[in-house]
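Some notes on the structure that comes next.
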């Protein structure tokens, strides 16, 4: 449905189950697939059909689930299921809560919080069919090769739906039926309300079954029909980690295929993972073993990978990111990062800049064209444009109690193994010598040197480490040097004679 289309009166998402087979302290519906919780996927699909109201029924880990849902969808109505078990009761308490302001009329959709591949498009098809045919109940079904464990859809000779038979109650003949109940429905609100008043817990499980509504609606003269989807993945739930993994893999496959159709090159889809929240431009190239998570964006002509994981990172046009682990960072157009680089949150690399091999950065802004090529750390710092930071440079930003900031200007050139002891500022165009320890501000255009003149203690090894391999090698080298000097002196004497 388009954003302008008014959707059903309400969507009810059932999310009260404990999910014990997941064997986790995290509620089942909060487990993630493709960068979004399963209930997050359910809410996204529900909102896609523009319901006037949306309710979520909770029970297990109630406060934790409610907090998560409210953070992403503050307008969703949180409804608590009481001690009466069953899907029928869950829908009944939700309907009463939705009716509190004014009694609902029209279509009510019921879906689940653990069906992460369900799309708004399929829900929209369910609603459209339900309303076009004037049905009392429309059930979403799928045809499975192996229907073991699922409720079977029973049909009359003319094809109309007559009921649902749970697997444990089905006859041998009924168990050959491959069309199964997804548990996702569109109801006429008035029919649903009336039928729920008649649903009891008088069954082997002692629960209020939502499936009982179909028979009650049919007995009251209502039409019960089905929408059959050929895409079984959209109605698959995740009850344990094995099913969760299978759904995650299928979800990822679909995301990757959609991006490839949109002009993205994925060299090895089998080793590439992309969250549903990631944005890619045309002509992006993803190399093997690349993972893109969160709000990551990658602009046109950028190359990411191999062996790269980015979370909430913005990659500019034409940039290259190789064997890098990064989060909360920005990489400018035509910039270069890696290999073996660690970008921590707050890293901003300007256009055409470079962060090279074995570098760690955190909370640092690096100007256009500046280079931090290898073996260093830059944290809590600001580096200007066209500055070259030498090998082995670090910003010593922590004094044991507080973090301090280093500011390095534009056009600066630093020698290898320079240490900046923050807080310190280096002016534009300044240089530092190799091994310098910068404890004071360096004026623009100055050369900073901090090492004393070199002094060689002749014979120290022989005196302090006699008999060692080093001492023996030093003695041999000294003898060779002495012989060479004598030979050279003889040659010079011959020239003078």
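We number each residue from 1, going along the chain as drawn.
A Cβ is built for glycine as well, from the same backbone N, Cα and C atoms used for every other residue.
Residues or ranges marked as region 'Pyrophosphorylase' by Swiss-Prot on the basis of sequence analysis: 1-241. According to Swiss-Prot, the UDP-N-acetyl-alpha-D-glucosamine binding site annotation covers 14-17, 28, 81, 86-87, 112-114, 151, 166, 181, 239, 344, 362, 377, 388. Residues or ranges marked as Mg(2+) binding site by Swiss-Prot on the basis of sequence analysis: 114, 239. Among the features that Swiss-Prot reports, region 'Linker' is placed at 242-262, with the record citing sequence analysis. According to Swiss-Prot, the feature region 'N-acetyltransferase' maps to 263-497, an assignment based on sequence analysis. What Swiss-Prot lists as active site, proton acceptor is 374. Taken from Swiss-Prot, the feature acetyl-CoA binding site applies to 397, 398, 416, 434, supported by sequence analysis.
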Near the region 'Linker' (242-262) in space but 6 or more residues beyond its ends, with Cβ under 8 Å, are 22, 31, 33-34, 116-117, 233, 236, 269, 272-276, 280, 282
Of 239, 397, 416, which of the binding-site residues has the most Cβ neighbours inside 10 Å?
-> 397
Measuring CB to CB from residue 17 (UDP-N-acetyl-alpha-D-glucosamine binding site), give everything in the same chain under 8 Å that is also at least six residues away in sequence.
-> 28, 29, 59, 60, 114
Between the C-alpha atoms of residue 416 (acetyl-CoA binding site) and residue 374 (active site, proton acceptor), the distance in angstrom, to the nearest integer, is 10
Mapped DSSP class for residue 397 (acetyl-CoA binding site), helix or strand or coil = coil
If one measures from the C-alpha of residue 86 (UDP-N-acetyl-alpha-D-glucosamine binding site) to the C-alpha of residue 434 (acetyl-CoA binding site), what distance in angstrom results, rounded to a whole number?
-> 73
The region 'Linker' (242-262), counted residue by residue under DSSP: helix, strand, coil | 20 helix, 0 strand, 1 coil
Across 344, 374, listed as recorded positions, the smallest other-CB tally within 10 A is for 344
Which is it, of 14, 434: the one of these binding-site residues whose Cβ has the most other Cβ atoms within 10 Å?
-> 14
Looking at the binding-site residues 113, 166, 239, 344, which has the shortest Cα distance to residue 398 (acetyl-CoA binding site)?
-> 344
Distance, residue 239 (Mg(2+) binding site) to residue 14 (UDP-N-acetyl-alpha-D-glucosamine binding site) (CA atoms, angstrom) = 14
By CA-CA distance, flag whichever of 113, 166, 374 among the recorded positions is nearest to residue 397 (acetyl-CoA binding site).
-> 374
To the nearest whole angstrom, state the Cα distance for the pair residue 166 (UDP-N-acetyl-alpha-D-glucosamine binding site) and residue 239 (Mg(2+) binding site).
-> 18
What residue among the binding-site residues 86, 113 has the most other CB atoms lying within 10 A of its CB?
-> 113
Rounding to whole Å, the Cα atoms of residue 344 (UDP-N-acetyl-alpha-D-glucosamine binding site) and residue 374 (active site, proton acceptor) are apart by 16
Which one is closest to residue 239 (Mg(2+) binding site) in space, judged by CA to CA distance, out of the recorded positions 113, 374, 388, 434?
-> 113
